[in-house]
C-alpha cells in the first residue's frame, strides 16, 4: 500500500518541515486555505544560512500554522557527524578533494527528529520541500517511516492542484501578496544553498552548467580562498583526539563537541579549507553537481587520518577506506540507520576509531594548502628507529634477516614470472608491456628457484631437510 498521498488530506493535521523560505511559507498558507491543518516543524541544525533560526516558527504561525515548533537537533547532528568522521564515511572524492556528506548527515537527523516531534503532537502526515528528481525525497521517506511506521506522506510539490496553481516563484509571490501575507523578497541567487553545522551545499540553477565554476559561489562558512583580492594569513593549528573523538583545538579543551565544531569551522573557514566541486551519482543514478563547504570537518579529517596512518597497520587502514566508502554511499542513499550501516559503523568505531589518540599540528595556508608539522601520540606504530638509514643499536632486524626474507619471496616471484610466460605464449602480452618486460621464454621462471651451490652444500641441505621432515613427523607437526 502506498504511503504517499496524491491530494491534500482536508481536515487532517499535516506536518511540514518548515524552513521559513518562500516555498514552505506558501505551502503552509495554501494548505490552510484549502482546508487542511498545517503544523510546522523547524530543525535547528546550526545552519549557517539562517542565523535567526529561533524566529522561523513565528513566521509559520503568520502563514496559518496551528502548531509551530523549533526542534533542537544540533547535538544529535554533531554526534552523527563524529561517527561519520571516525568511520571515514565519505565516498565522493575526485582530484584529491572530498565531499564530507554533510547534507545526507543532516537529512538523517532532521528526518528522524522532526517526525518524532510530530508524533508527540499526534501528527502522522508529513511533507517537505524536496522535489521528485532529488535525493532528499527518498531520504526523508525512509527516515520518516523508520521514526513512525504509521506515517503518511503528503508533499504539495507532488500534488497536481498545488503545482497548477503555484507552479513557480512568480505565481507564489503573487498569491501571497494577493492574500496579504508577509513576503520576504529574498535576493535571487545564481544557485541554491542548504547548510547545517557541519557544512554547506550549493547547487542547482547556474551551477547545473559545468561552465560555471566554483568562483561564482559566495561562501557562507569561510573565505573565498580562490579570490586573489582576499588575504589569507598562515596559521599554526593543533588538533587533539582521544579514542577517536576530537577533544581540543590549539590546546583548548572542549568538553562539549557542540562547541568544538563551530570553532573548527572558524579555524578552517579562515583559510577556505574543505571547499570542493563534485560531480556525483544521485540515488536514481543520474549525475548531479554540487559545490560544498566543510571547513571544520576537513580540518578534523586531516588530523584524524594522519593519526590513523601512524597508528594502524596496512590492512586495517585498507579496511577503513573500503568499508568507509561503502558506509558513505549507504548514508548518501538515506540508509544511515539501516542494519548494514549499523554493522559497518560499529565495526569501524570499535576497531579503528577507538585507537585514535594523539595530536597533530598543522600549518594552514590558503584553501587546501597545508603542511603537517608534528604528529604525536601514546600508541603510534611509527618508530623512526625501525627503518632508520643510520646505524642504530639493538636493530629490529639486520642484513642477513632481510636476505632470508627476500629468498622466501622467490616462491611467489617465480609464480608471477610463470604466469607472464604463459600469457606471452598465448599472445596476451604485447605492446608497451612486452617491450618493458622483454623476452618471456617459457620455463625460464624455474631459474628463480634454482640455487648455484656446490655438491657438498647441496648434499648437506638435503640431509637437513630430511632430518627436519623426520622430526616434524615424529612431533606430529608436519
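All residue numbers here begin at 1 and follow the chain in the order shown.
From the backbone N, Cα and C atoms, a Cβ is placed for every residue, glycine too.
Listed features, source Swiss-Prot:
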BINDING   17, 18, 19, 20, 21, 22, 23, 24, 25, 43, 129, 131, 136, 194  ATP binding site
BINDING   99, 135, 139, 192, 201, 203, 280  L-citrulline binding site
BINDING   131, 135, 136  L-aspartate binding site
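Within 10 Å of the C-beta of residue 99 (L-citrulline binding site) there are 25 other C-beta atoms, taking all protein chains into account. In this entry, L-citrulline is bound by 99, 135, 139, 192, 201, 203, 280, whose most widely separated C-alpha atoms sit 19 angstrom apart. Looking at 23, 136, 203, 280, the binding-site residues in this record, the fewest other C-beta atoms within 10 angstroms of the C-beta turn up around 23. Here the binding-site residues are 21, 129, and the one with the most other Cβ atoms within 10 Å of its Cβ is 129.
Using a 10 Å radius centred on the Cβ of residue 19 (ATP binding site) and all shown protein chains, the other Cβ atoms total 22. Put simply, 139 is the one of the binding-site residues 99, 139, 203, 280 whose Cα lies nearest to the Cα of residue 17 (ATP binding site). Looking at 25, 131, 135, 201, the binding-site residues in this record, the fewest other C-beta atoms within 10 angstroms of the C-beta turn up around 131.
Distance between Cα atoms for residue 139 (L-citrulline binding site) and residue 131 (L-aspartate binding site): 12 Å, as a whole number. Cα-Cα distances to residue 136 (ATP binding site) place none of the binding-site residues 99, 192, 201, 203, 280 within 10 Å. The L-aspartate site is set by 131, 135, 136; from the centre of their CB atoms, other residues of the chain with a CB within 8 Å are 130, 132, 133, 134, 137, 138, 139. A helical conformation is recorded for residue 139 (L-citrulline binding site) in the three-state DSSP classification. Classification of residue 203 (L-citrulline binding site) by DSSP places it within a strand.
Residue 25 (ATP binding site) falls within a helical segment according to DSSP. Following the DSSP three-state reduction, the secondary structure of residue 131 (L-aspartate binding site) is coil. Taking only the Cα positions, the spacing between residue 99 (L-citrulline binding site) and residue 25 (ATP binding site) is 31 angstrom.
The DSSP secondary structure for residue 19 (ATP binding site) is coil.
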